[in-house]
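Participant: One structure coming up, written as structure tokens, with questions to follow.
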Amino acid sequence: MAGKARVHELAKELGVTSKEVLARLSEQGEFVKSASSTVEAPVARRLRESFGGGKSAPAKGSDTGAAKGVAKAPQKVSGASPAAKAPDRSLDAALDKAVGNGAPAPVPAPAPAPTPAPAPAQPADSGVAPPAATPAAPAASAAPAPPKAPLPGQRPAPTPGKPAAPQAPHPGMAPGARPGPVPKQGVRTPRVGNNPFSSAQPVDRPIPRPQAPRPGAPRPGAPRPGGASSGNMPPRPGGASGGPRPPRTGAPRPGGGRPGGPGGGRSDGGGGNYRGGGGGVGAAPGGGFRGRPGGGGGGGRPGQRGGAAGAFGRPGGAPRRGRKSKRAKRAEYENMQAPVVGGVRLPHGNGETIRLARGASLSDFADKINANPAALVQALFNLGEMVTATQSVGDETLELLGSEMNYNVQVVSPEDEDRELLESFDLTYGEDSGDESELQTRPPVVTVMGHVDHGKTRLLDTIRKANVREGEAGGITQHIGAYQVSVDHDGTERLITFIDTPGHEAFTAMRARGAKATDIAILVVAADDGVMPQTVEAINHAQAADVPIVVAVNKIDKEGADPAKIRGQLTEYGLVAEDFGGDTMFVDISAKQGTNIEALEEAVLLTADAALDLRANPDMEAQGVAIEAHLDRGRGPVATVLVQRGTLRVGDSVVAGDAYGRVRRMVDEHGEDVEEALPSRPVQVIGFTSVPGAGDNFLVVDEDRIARQIADRRSARKRNALAARSRKRISLEDLDSALKETSQLNLILKGDNAGTVEALEEALMGIEVDDEVALRVIDRGVGGITETNVNLASASDAIIIGFNVRAEGKATELANREGVEIRYYSVIYQAIDEIEKALRGMLKPIYEEVELGRAEIRALFRSSKVGLIAGCMISSGVVRRNAKARLLRDNIVVVENLSIRSLRREKDDVTEVREGFECGMTLGYSDLKEGDFIESYELVQKDRS
């Protein structure tokens, strides 16, 4: 504790008991609890003064006596002035004035070098203590040199604590100044040391002695003059260590002399092993406690004023610059070698491959290469790409950024990522387990494809002996239907699974899913219509999936049917009939009349037996594909799945895409419950926690926990991919146009099936109207319109599109109250047409200027009611009231965008005046002259198609 002392230490120092000290403190108005309590330095000083300077005990040993003699030498020197023993009130006043009021004290002239003879006394009211006398050893020891007498006005230094060993003196010894260089002219007022309770003033540094040995060695055990000074006592120059260092020249030493040491320089500034003292004349005050960084460079340039840094342990001064470690040098070298991308230094790769998922962010990329995401963001910004650290980034941007840093960025496809995900759970998809002996024959899966209204569903109705077509809105198929029928082939009952796909152009994804999940494709072509666009698309899907095609030429019973023409047209697309020497089977049928249906079934079975190896392992865990899914109000999420391998049973834990659950019930196409589904069997599965996506692969896992983890990871991947796809890239060049006001139509899509919603969204997003309007689907889902959808639409100004669904509960009432528009559709192309019209209606109108007529100003009249009236003659065309006008003077436009406020013919208000008539009009403009022309026009909105 700097400046503080305990009561028992003071009692021991003064030679009295602790009770006497406590009593004396109580008389002085100081409340002290016990002998172990501490008192402040001013209180200790007044206590010593009240005891008459203290009663010092004689030295009991050589070592201890030497230490005490150093501290109390000014009191024992013979011939000292009596003023040295009495309290110096003038010195206290000078100290209070210097510390409290900040007034500079007068600077004495530099003192000469100290000599063994006593120094002449100076006036006590000078305000600055002269250089401290060199302490002498006690009388019991042989002093090496005669001691100096204390100067007049010098106060005895307090020693609050018991002196320690000679090598580590007590921190309470009297402050002083070390010898230093002679101060230059213009020296500033020395500042008080860091101890605000000290009664001593900083002194001028005496001129250092020449380096020479003192006559007489110091007593053994005494403090070494050349070592660390005792507290703030000024050390003797020279000594056993070979004399003091020569005074430094040049810039002052910043901070503490040694790391962790107190303030001051090593040998030419104030400070010691404990509390730092004044660093000499003009030096910054040392300070701080031991172990803390001190401030104030000792031995600084004379006249330099120290700061408060370093006082009371506060860090001060500049840090010492050390050598760089090898690691720091290597990091600096690597930073210099790093590539600069967009003005930012980034890590330099060695050509290694970085695998990133589609829709990854810059944070994901930075984690892979151990870089700072902020640096990647800044680099892309300087390259003209504005992306945040957590925003999904496109594949091209990631690859470009990686190539600049010498990394080979590979964006993992969704299929590869899903395969890696399943492999992490020791699962595989798409392969039959077991050997060849475990494989059994399965029924063929046949997909019926073709153009809209060519009779696909009627053909399936004829085969199934049902009427599905009448139940479809608009007479067109808008879902994928899966059925399994039994046919008689050569006296043997065979099963065939049929999948019906939509033929409308909006259902491209459905047809693609049907082609991937099938073994054989039946291409239905109307004999009276020929090959149409969706026919060509169906051919492309089947050929891309490497699926054999059987062509069914339908409607041969209608007028104008020409099956030969169909065969010729399909030849252009690689489908050559067997009649023409090809390998594609053609069957002429009539689905309405039921003609040649058995021949078509036989052609399908022959193709399956001849070209395909239709076998699967029924004993493994089931795998397949979800062809369709919807949300049933009473049963919850329902998925139509096609088992491709294995056997699906009630109670199995399944995962399909980002949906999972346990099979609670299975229903076939006739609505009957099924306990198990063998390969190639389509069933409706009830028990999913959410609606699976159409076309998602499903598989059976061991437990629900694994299914949930797989579904959660797929859901996160789906969100990232969707965010990357929907994010509109904005470059700095396009920033101006991006900031312009654009109209956006927000939609919420709800449908009865997942595939229908997907097809509707893709069709709507394909509408191209203009860059000024944009279409955004903010939410999509399967099932009825709920209050949550209405609240979201109200918050985002969206329109709700319901496809084959209605509003549930109080959703309609809430929509009416919130002003949310709900549109219901049952035919997909009606929804597409109306949304396209709505987008066109949101376009900003384009106005075209149509000139009406010109009028010449013949006279001007002023009216106190209406202002300036122009008497005009209509020279051409017609002038209408409230029409736009511009003023022409010498065929130069004077002012634009005027309005004809009033129009009169004689005394009657009129709406228009034709050519050859006079009239009076007001324009709300006063700078009119005779001879000016008024040109009238109107803006007509132009239709934007």
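Along the chain as shown, residues are numbered 1 onward.
For all residues, glycine too, the Cβ spot is worked out from N, Cα and C.
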Participant: Quick check on the annotations: Swiss-Prot lists region 'G1' for one of 346-353, 450-457, 666-673. Which range is it?
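Facilitator: Spelled out, Swiss-Prot records region 'G1' over residues 450-457, not the other listed ranges.
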Participant: Of the residue ranges 432-435, 500-503, 632-635, which one carries the region 'G3' annotation in Swiss-Prot?
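Facilitator: Comparing 432-435, 500-503, 632-635 with Swiss-Prot, region 'G3' matches 500-503.
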Participant: Quick test of your reading of Swiss-Prot: among 18-21, 554-557, 770-773, 930-933, where does it put region 'G4'?
Facilitator: 554-557
Participant: Quick test of the contact rule: Cβ under 8 Å, at least six residues beyond the ends. What residues does that give for the region 'G4' (554-557)?
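Facilitator: Sequence-distant neighbours of the region 'G4' (554-557): 454-455, 459, 524-529, 563, 588-593, 595.
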Participant: Once the DSSP letters are reduced so that anything not helix or strand counts as coil, what is D453 (GTP binding site)?
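Facilitator: Going by the DSSP assignment, D453 (GTP binding site) belongs to neither helix nor strand, so it counts as coil.
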Participant: Is it possible to get the count of other C-beta atoms within 10 angstroms of the C-beta of K456 (GTP binding site)?
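Facilitator: Result for K456 (GTP binding site): 28 other Cβ atoms within 10 Å.
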Participant: Reported in the order helix, strand, coil, what are the DSSP residue counts of the region 'G4' (554-557)?
Facilitator: 0 helix, 1 strand, 3 coil
Participant: Over the region 'G3' (500-503), what is the model's average pLDDT?
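Facilitator: Over the region 'G3' (500-503), the predicted model scores a mean pLDDT of 62.
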